[in-house]
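Report on the structure given below.
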Amino acid sequence: MDMTAQEASITVAVVGLGYVGCVSAGCLARMGHRVIGVDVNATKVRLINQGVPTIVEEGIASLIMEMSRKGRLTATTNMKEAAEQADVCMICVGTPSGKNGEPNLSHLFRAVEQIADAIAERDRFMTVVVRSTVPPGTGSALEAVLAKSGKRAERDFAVVSNPEFLREGSSINDYFNPPYTLVGTSNDTALAVLRRLYADIGAPFIETDREIGEMIKYVNNSFHALKVVFANEIGAVSRSYDVDSAKLMELFCRDERLNISPAYLSPGFAYGGSCLPKDVRALGALARRANVETAILPAIERSNDMHIERALELIVAKGRLRIGVLGLAFKEGTDDLRESPIVKLLERLIGKGYEVRIHDRNVEDSRHIGASREYMETVVPHLIRRMEPDAEKLVQFADLIVVTRKNKLFLEVAKKAIPHKIVVDLVGMPGELAEFENYMGLLW
């Protein structure tokens, strides 16, 4: 190895030689790093030292054998010995489900306790990388364990979230071709180490909060599971009506603007309008008519209603009786009030005795000439009577302002109001609103 490669090389203790650990150890060694595998299981350690993988996986046997022969990959049961030599301790231990679905973190904390013992007499900075899937906040708890060594977090060590995106059967390819390398830390020393560690990975290197790094695997895998069961429920309903579900979902997936895309995947307020609510109900009715039992389809509307209730509870908790609402239509750029979640929210507030005033320029403009006029007059006249065409007067009236849509006018109104009024944000407004004490976000 030439001098440049030596300078780039990092000594990594990979803790846990199961699926993720074995793949990570082999791939890191291939990238030129010195890897020490650590496991309490002496059989796994012996296998690695013999050049034999601990798992069955495409390409792993030749990789482990090659790295072992080149001397880049060894293994031990002695955590303290490995941690004393390492620049990075990469934790890949399992976090299986315990009672009530809670992850069992006992192996993780046991490993970190041993790392704490190892760094007690150490002068070099230690970067502890957590590849295991753990709940948000785990990193802070691990810092407290490591601090028992007498070392100080951020100065002497850092705990970094670095989730893996490996799929069994293609894990080596996934390791070298991830969607991105996600590093959850704000520690500059640790960031520099991780940049060196992954220098040969061509994917974007993304720095983020540690808690986001901890949470994302749960989000990813839950969404993947949701897609599986959603497709299966669609398949079951389709089959009952002699619809080819494979062709149906193939066409569904061709829409990369709305279906297979980031569309609708930003946290915000509930859905509404003339299409989504009625079509979700209709698909559920088709399932019931065919005696096909589904769980996801009926849960969609229930979840949406629960989200409206979540917003109601946030507003009610502030104890203000005069409410000013910016936006009434179900989304930006329309006057359509059909099944608007804002309408449902305001009806609940009015029913509880709150005084409500509403400002929505699009709805105001269509009161006399718009296509929604009949709907307004027959279905929601009680809300139309509460319309306030002047946003400044609405702010003067209200003790609490509810922002229901992202637009420049509402942002400016909220900015002017927030020093003196409580602002409840249902949509995640951009800008500096969140810095004010009077700001309340629904999901942020």
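Residue positions begin at 1 at the first shown residue.
Cβ atoms here come from the backbone N, Cα and C positions, even for glycine.
In TrEMBL this protein carries:
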BINDING   D39, K44, T95, T133, E168, K278, R338  NAD(+) binding site
BINDING   F165, L166, R167, E168, K217, Y264, L265, S266, P267, G268, G272, K331  substrate binding site
ACT_SITE  C275  active site, nucleophile
DOMAIN    324-432  domain 'UDP-glucose/GDP-mannose dehydrogenase C-terminal'
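Checked against E168 (NAD(+) binding site), the binding-site residues K217, L265, P267, G272 differ in C-alpha distance, with K217 being the nearest. Taking only the Cα positions, the spacing between P267 (substrate binding site) and R338 (NAD(+) binding site) is 22 angstrom. In this structure, the C-alpha atom of T95 (NAD(+) binding site) lies 12 angstrom from that of K217 (substrate binding site). Largest Cα to Cα distance within the recorded NAD(+) binders D39, K44, T95, T133, E168, K278, R338: about 62 Å as a whole number. Put simply, R167 (substrate binding site) is 43 Å from R338 (NAD(+) binding site) when counted between their Cα atoms.
Counting only same-chain residues six or more apart in sequence, the Cβ atoms lying under 8 angstroms from the Cβ of R167 (substrate binding site) belong to D174. Listed binding-site residues: K44, K278, R338; maximum Cβ neighbour count within 10 Å falls on K44. For F165 (substrate binding site), the same-chain residues 6+ apart in sequence whose C-beta sits under 8 angstroms from its C-beta are D174, P178, P179, N220. Taking each of the recorded positions L265, C275 in turn and counting other Cβ atoms within 10 Å of its Cβ gives the largest count for C275.
Summarising model confidence by region, the domain 'UDP-glucose/GDP-mannose dehydrogenase C-terminal' (324-432) averages a pLDDT of 90. The highest number of surrounding Cβ atoms within 10 Å, among the binding-site residues D39, E168, is found at D39.
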